[in-house]
Structures are given as structure tokens and as C-alpha cells.
Amino acid sequence: MAFMEKPPAGKVLLDDTVPLTAAIEASQSLQSHTEYIIRVQRGISVENSWQIVRRYSDFDLLNNSLQIAGLSLPLPPKKLIGNMDREFIAERQKGLQNYLNVITTNHILSNCELVKKFLDPNNYSANYTEIALQHVSMFFRSEPKWEVVEPLKDIGWRIRKKYFLMKIKNQPKERLVLSWADLGPDKYLSDKDFQCLIKLLPSCLHPYIYRVTFATANESSALLIRMFNEKGTLKDLIYKAKPKDPFLKKYCNPKKIQGLELQQIKTYGRQILEVLKFLHDKGFPYGHLHASNVMLDGDTCRLLDLENSLLGLPSFYRSYFTQFRKINTLESVDVHCFGHLLYEMTYGRPPDSVPVDSFPPAPSMAVVAVLESTLSCEACKNGMPTVSRLLQMPLFSDVLLTTSEKPQFKIPTKLKEALKIAKECIEKRLIEEQKQIHQHRRLTRAQSHHGSEEERKKRKILARKKSKRSAIENSEEHSAKYTNSNNSAGSGASSPLTSPSSPTPPSTTVEHAPF
């Protein structure tokens, strides 16, 4: 499908990873309560903004729902007496603004459904669990051997992706996980190619890819079934979390921050790089690497959610790499995301911000070398190394892989071409978004610089100097004319034309004017 063609039916054009910002513009006091008028903006475009009205009780309700994250959020306390005083309302407005700033800049909180519904009720009013159940129920009509054991509520971060614990009726002790997801804004495959590729996923065999048991799709969504792993993902190992717990509870505020052993970092890192290289060589776009998408099976890492790129879902780290114009291919996205993952394996938590200026002490300088090549200011500015280059670095080059399983993933030539076109379209959207962010950032910096107190003082000084220069030039010009006039009157018409002294050019004075 060409980039500008009409989007497929069921495609969600909204990118849920684009950050929302919120600013309280005003407050209004009614008879018994105060309402706060909030301007919410999606991304960098002022045109993509709207107003919402919220009471303190709405903030309180949201805050109670977010307590599952285990964070101490700065919601101003309740006040029963004097809560209509103007000074109190102004002070509370500042506190509520600070609260909004905290939840919109926290990477996990800002992407959760609770916050999205609070800030953007028009786009997030649907009951996504109910929608998923409807699709899953329709699937069971034609596949009666499966049975739902229980929904796995909010175990993932995606709003439009839901999970259910399953069993096969004639194998009741075996547990599986069904995932259902909507199409996303980066879905550029035709419906036919999309469905064919989804159904190919169970045939993909690789020692470091988690096997898909069953996969099917329609024109608006996809459904996949995999074995349920009691040990959970690599992120569950790092955070000492239970796989069935909600995402916010598991990962937002870990009780114990501890990185992995050096040998684990080396082995897991090498395995993940090997599977990334395999997918890149196959021309299969991934772009969704993070610790929750790596399943642990003993001492082996297995990559999850290959379907995400086919569905057109945006990446967990998209709001990070859209800031850097050199990270503009899915291969470079995978390498940058690998840097995030390596940081988390090393330090037991994600980086506070990216790019990373300096790295804490690590188990080996070889770890820091890889982190610098993927997360540092220089790396983000100049571009990512290739996966092959990372594999050659000292941290991974001496890791011996003992698996004997031969990778298999046969993609017909026609579908390979469709994947290539879809990949180019995904990258084109990314590049366009990066360009807009870069231009916005330059404009904002220029406006900020122009409006600064220091810059205003400079402009005043320059204006005074310009005025002074102008006065000097006018004075010299007047003096020159007066001298010329006197010379002409004294010498008469027979005086040679070259005899009077030429007036001093104004530029001579300007060149020597003090600055």
C-alpha cells in the first residue's frame, strides 16, 4: 500500500504514545465547588489542543486510582473550611499544576489509560476490555476448543491491547495467553498481506523468539495465542514482579532496585542482538524492543510481539527516539531501544532521561562502552551503530551460544516486498514527525532567547548605540556640508575640482564606534 493511500478500515489513526501536556488556564468558583479549566495539548501543535473542566474531586479520584503504582504523587491535600477563598484557590491551582506536570512527564503514568481518559475523554471513552471480549467471543464461535480462564487485567502498557488466560478444553492443565489488539497508526500493509503475515507467525522458529501457538486477524485487529510462562518476562526478573499483576503495580515504583549479574547481561544481550540481526536480515521490521517484550525461559531470552509492527502499533520508546533525527530507521530504533534495555539490565531501572550525560558505575567498562554507543549525547546526535557492530564489541563478542535449534522463517517474495514498502512508510512517518519536533524546538529556543531578560538588555544597549552613531553621522555630515559651502564661496568658479578636501565617509566613524 502506498504511503498516502486511504487508511485500512479499522485503523486507529491516533498515536497513543504522543505526549499530552496540560496547563490550568483559569479557575471558576461555583456555589459549592471550584472548577479548573485545563488546556490539554497533544504533541507540539497548538492547533491539536482542547479544553477540559475538572474539579478537585476529579483529581482526587484519579489519584486514588493511581495509588496502585505505589508512587507518592503531589496532589494538594483536601480542605473542608476556607476552600473558596481566593488565595487558597490560587495556591491550590499551583499545586494541581505541579501534579499534572508530574503525571504527564512520568513515562509509564503518561501512557496509562487512567491518565489518558482524564485528559482526553473524547478519544479514550471506549471500554477497550469489552471491545476485546466481543472480538474474542466471535473467534471462539469458529474455534470452540479454546476456553477463557480469566482476563489478565492491565498486565501490559498498551491501552488497545488486552490479554486473557486460556486453556484448551481437552488439556485443562495447560495454560496459554491470548492477546488481542487493534490496528495502529503505522499499519500500511493491505488487509490481505496483513492477514497472511499474521498467520505466518506460528511458522517462525528461532531459539530466541517466543513461539506463537496460534494467530489470526481480520480487517481491524489481530489475535494471537502463546504459552503462559509462570516466570514472566525479563522485566519481571529485574523488578522481582509477578507476571499477572497490573503494569503500574509491577514497574512504576520498584521496591528493590538491583541490576543483573554481568554474565546475565552478556548472555541475554547477545541472545537479543542475535534475534534482532535475524529479523533485520529477513527484512522483518520490529521496532518494539523493551524488557517486557523479552520472555525468560531458563537462561534463554525469547523475543515477544513480532505482530506489533504488522499491526502498526507505535513503540514503547517512541517519545524518546522522535527527539533525535539520526534515529530514523527501524534498525536504528531497535539499537536505541537495546540501549534502554541494557541500561535497565545493568542498573535495575530505566534512565532518568535520554540522552544520558554520564553513566553510574557498572559491572564492567565494556557495558558502559555499549551504553555510550546507544544512549549518549554523541550517539543520539550522530546515529546508532549497527547490530553487527554491537555484536563485535567486547561485551558480547566472547559469549558462546550453545543452542542447536536452526532458525526458520520463510516469507514469500511478494510478502517481503509488502513488508519493505510498509517499513518505508513507517520510517517516513517517523522522519516527518522528527522534522516537525526539530523545527518546533528551534523556534521555541529562538523565542525563548529573544524574550529573555539578558537579550532585552542587549537590545536596549544596541538601540542606544545605534542612536548615538546616527547622531554622530548626522553631525559629521552637517559639518562636511558647511565646510564645502565655505570653500566654494572663497575660491570661486576657477578653483580646481580636486582642490577641496573630500568629506570623511560616515563608515569610517562607524568602524571605530565603540561596541
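Each residue, glycine too, has its Cβ placed from N, Cα and C.
Keep in mind that TrEMBL annotations are predicted by a computer and have not been checked by a curator.
In TrEMBL this protein carries:
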DOMAIN    14-126  domain 'PX'
DOMAIN    88-481  domain 'Protein kinase'
COMPBIAS  437-448  compositional bias 'Basic residues'
REGION    437-515  region 'Disordered'
COMPBIAS  457-469  compositional bias 'Basic residues'
COMPBIAS  484-501  compositional bias 'Low complexity'
Report task. Sort out the residues at least 6 away from either end of the compositional bias 'Basic residues' (437-448), same chain, that have Cβ-Cβ distances under 8 Å to it, and list them. Result -> 44, 322-323, 325
Query raised in the report: Over the domain 'Protein kinase' (88-481), what is the model's mean pLDDT?
Result: 92
Report summary line: Residues in the compositional bias 'Basic residues' (437-448) per DSSP class, helix first, strand next, coil last, are 12 helix, 0 strand, 0 coil
Report summary line: What DSSP reports for the compositional bias 'Basic residues' (457-469) is 13 helix, 0 strand, 0 coil
